[in-house]
Each structure stands twice: as C-alpha cells, then as structure tokens.
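A.B. asks: Here's a structure for you.
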Amino acid sequence: MSDQEGGKGSPKSSSLGPYEEAMEALSSLITRRTRADDSNVGDQFSLLYDYLKMLDLEEPIANMKIIHVAGTKGKGSTCTFTESILRNCGFRTGLFTSPHLIDIRERFRLDGMEICEEKFLAYFWWCYDRLKEKTDDNIPMPTYFRFLALVAFKIFAAEQVDVAIMEVGLGGKYDATNVVQSPIVCGITSLGYDHMEILGNTLGEIAGEKAGIFKNRIPAFTVPQPDEAMHVLEEKASLLNVPLQVVTPLDAKLLNGLRLGLEGEHQYLNAGLAIALCFTWLKRTGHVGDIYMEQTDTLPEQFVKGLTSASLQGRAQIVPDQHIKSERSNELVFFLDGAHSPESMEVCARWFSLAIKEYNPDQTLFHQQLNNSKLSHEVVKSTYHGERGSQRKSTPILLFNCLTVRDPQLLLPRLMKTCADHGVYFKKALFVPSLSVFNKVGPQAFTPTDSKVDLSWQFSLQRVWENLMQGSKGRSTDIVSEELKDDMEMSASNCEHSTVFSSLPLAIKWLRDRVQQNQSVRFQVLVTGSLHLVGDVLNLVKK
C-alpha cells in the first residue's frame, strides 16, 4: 500500500482535501447505466477480467470464501443478516453492498463497521493509480460501480477476511461482482419488476439475469417466487447442476422472544435465506462442527444474536428530528424506507401503518431514562394514553421522490391503498427533487439549492397523487388541517392534497416550521420512493 499518493488528475485538486479529491476522481467514472453485455464498447463484461489482471486480483478472488447474493428486493437485508450471523460466529467479515446513503464508505464493511477513511483512501488510490497507468483507448478506465467492486475485492483480499459477502449491484449475469468464479454459496432474494429498461420486461427475463450468478455445482438458495420466475431459476440451475433449494421464512419462535434487528414482516423471509446461506457456508468451509445447527428445532445462540442485532440504514428506520428544540421532543419523526418497486412499496406501506401506531416518543424517552428495552407493556400503555400523549394528534405526511425510470402509476396507488387498508390517510404529500447530484459523489455532491432546478417530474408525481386523492374522496382525505395550508410561499406548487418544493431543505424547513407553530400536532413523515431521497433526508436530519 505504499503507492498511496497519486490520482491528482483534477486541476482543482490542490484546493480539495484528500477525501474530496478521491470523490472527484470517482465522480469522473460515472456514466449512464447500460446493459453490460458485449455490444457496448467500454462496457463489455470481458473487460472486468483485464482489470483483475491489472490489479493482480485473480488469485486473491479465487481464494476468497465468497457468498454471492442477487435479487430484486431484500438483497441488502439478506446480506446484512448473513454478515451479522457469521461475525457473531467469530469470523472476520467483509461486506460489499449498494447503494450508500450518505458516505461511499458505507459500501465497504469490515467486521460490521464501514471502512475507516485512512484505509479507504489507501486502497482507493492503489487501485485508481494502477488502472490509470495501465488502461488505454482499447481498455478504458472502469465505470463507477465496476471500480467500486474492484476496490471491494482489493480491500477484502488485503484485509484477509474469512468471508466476503458480495451483493450484486444490478442484475447478476453481467454485474461487476460476477467475476467470482467459485463462490461458496449463492442466494437469490425475492424477484420483481425493477430496472426493466436494462434487465428485461418479464419476470422470466429478470430471473434469467439474476440466475447469471449460478456457477457449476455451487449450491444456491432462493425464497418462494412467482411461477414464471421460479421456472427460469430451476431451468438455469439444472443446466449448471446447481443444487437449488427454496427456503421458508424464519419461524419467529426460534428467536427466543427477541425481535429481528431489521423491522418488517418480510424480513423473516430474508432471515430464512440468510440462515441457509450461513449454514451452507459453514458446512462447505469445514466449520460446521464448531457451530452445530439443527435448523428445524433451534437456532445456535450466535445465529440468534446475529439476526437480532443486525442493522441497516434506510430500511424501515425511524429517526426523530434532532433539530426541534422543545421540551417535548419527537414531534417530527421521519419513517424512512427506500422502497422503489410496486411490491416493496406495499411492504413499506404496511410497515409504516403499523409503526406509527406502535411508535410512541414518550415511550422512547422512558426507554432512554431506564435504559431497559424490556419496558413493561403497562408502563408503555399508561404513558401512551397519558395526558401528554393524548393532547397531540398524529398527522401522517408523505415525502416522496422516485427516479424517472420508475412508474408512479404503479408505485403511488399501491402505497395509498395499502395505507388506507390499515386506516392511515396522508394529510399531505410533499414532492421534492433529488438533492444529490447524480454525476457526483461525496460531500461536494450535496449542493446548495438551485433555483433553476427542473421540477417537471415532481409536477407529474403531484398530478398522479391528486388524481388518486380525487378518486378516493369521501374518506379522511379531505381533512387537511388549516395549519398545513399556511405559509406555502416557499413551495413551487401547492394543491389541495400535495405540494411540490423546489428542494428538500425547503420541504424540511416547512415541516419544522409547522411543528413549532402547532404544538398539538405530531408529524409522522414517511420518506420513500428512492434510497437517494432517504440518504439525503438522513444527511439533513442527523446533522
């Protein structure tokens, strides 16, 4: 790691700190995403093997004990559970996931912690400088995600992890992580419609892309899938002599009264898959004797600890706003979930509907004071229904954005209907543009508000929402309290049920102002539609 210097490609670099300089170099690798087959010059899958040679990574990857996971929904959660279980079994773990929410280093975890800045910069420049030196017109610099995957392999090899858990970025067959020739075990999480512009228009086509991670005779596991997808997975597995098994959701009773570290009913499915991956990894690497496991009756203590202590930002995460200075804190609470497909939108809506009924800030304060998570139900109940709790009425607000490749006509109705089925009706929907600049990463990507920002997509989202609200008139939708109509001069477009803001900071400022002016209202804000939006909100709210 001696050639850490270098990479001073930017003429402005002298004014940047070391980390900003690395982010500037990384930003230069961002290109439009395309299907990485062999028709795109500069994006051919075969180029990855050239990069591995340049970085001397072929042998280290061949020796790595890798768990490889693809899927549409639940990849990040499954990988997080898997890493947590094996770390609690005493192994040194490396975890590569995407996307990051605030800092690029979130993608590279060693023993459950994101890599420190010093190590990240050393490995980053080692890879970047070597590739800069050896690439040319025929073999150009790798694109953004490919470069990050290469850095991950370098980190895990140099840090000598016992297990590397690699989450596929997009698809499977042509994903940068699929340079792995001999993983220990593969997993396919729930499949659905996503990135259809790249992966195909049918579940069968999408399943075919994901099954591209299957390797000859290497065991693989999946969860129950729609028939069309399952047929393709089974067919691909058969061609490669892959023993493919379907796992069932984890039985909650095996957690000995504890709860999964990641919230939501769907996480029992991801946990079941993670258990199968870990058990197979232990068996195939000769460690099964250390941690005996009879899957049907009990779970080893290390598995239970791993499952119940796992954590993942931006998925079913509850964050009270830290900025409201008031003796009654938690009057503005953000419920964050990066759902962005129709199926995950429904799961998110179910989670939010139950979470706002269960979540009680006064209870949280008691938790903190007593430092005891096993607070009795009676105390919780009396606090919740006590004088302070009953004086404030809850106001559900939606804060939404999604990428233009998504179809809001599929996402928003699923969200609204599932919430309505649980008796939850949004008093207002706020639509904002993305704050992150897509051709930048790192701190400089978090730009000040730009008055010239194009809001045409947000107006489209607003029209979809207003039409949906008109269609569901007669329920609680017309109870837009007066305080929500006040002071809308900072908005770009204010309709009866929704508002477009020209920036996220303006939307959050509006929410904070409402809270200060309406002490009787507790705002419960569901932030969803995009992990980019979730990351931007976390960045602003947790500062």
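Cβ atoms are placed via backbone N, Cα and C, with glycine included.
Remember, TrEMBL labels are computer predictions, not curated facts.
Sharing the features that TrEMBL gives for it:
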- 69-217: domain 'Mur ligase central' (DOMAIN)
- SER98, GLU167, HIS195: Mg(2+) binding site (BINDING)
- ARG315, ASP337: ATP binding site (BINDING)
A.B. asks: I'd like the Cβ neighbour count for SER98 (Mg(2+) binding site), meaning other Cβ atoms within 10 Å of its Cβ, all protein chains included.
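C.D. replies: For SER98 (Mg(2+) binding site), the count of other Cβ atoms within 10 Å is 19.
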A.B. asks: Per DSSP, what is the residue count of the domain 'Mur ligase central' (69-217) in each of helix, strand and coil?
C.D. replies: 70 helix, 22 strand, 57 coil
A.B. asks: Below 8 Å Cβ to Cβ and six or more residues apart, same chain only. Which residues does that give for ARG315 (ATP binding site)?
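C.D. replies: Long-range Cβ contacts: GLY76, SER77, LEU262, GLU263, GLY264, LEU336, ASP337, GLY338.
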A.B. asks: Under 8 Å between C-beta atoms and at least six apart in sequence, can you list the same-chain neighbours of GLU167 (Mg(2+) binding site), or say none if there are none?
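C.D. replies: Counting only residues 6 or more apart in sequence, the Cβ neighbours of GLU167 (Mg(2+) binding site) under 8 Å are VAL69, LYS75, GLY76, CYS79, LEU95, PHE96, THR97, SER98, THR177.
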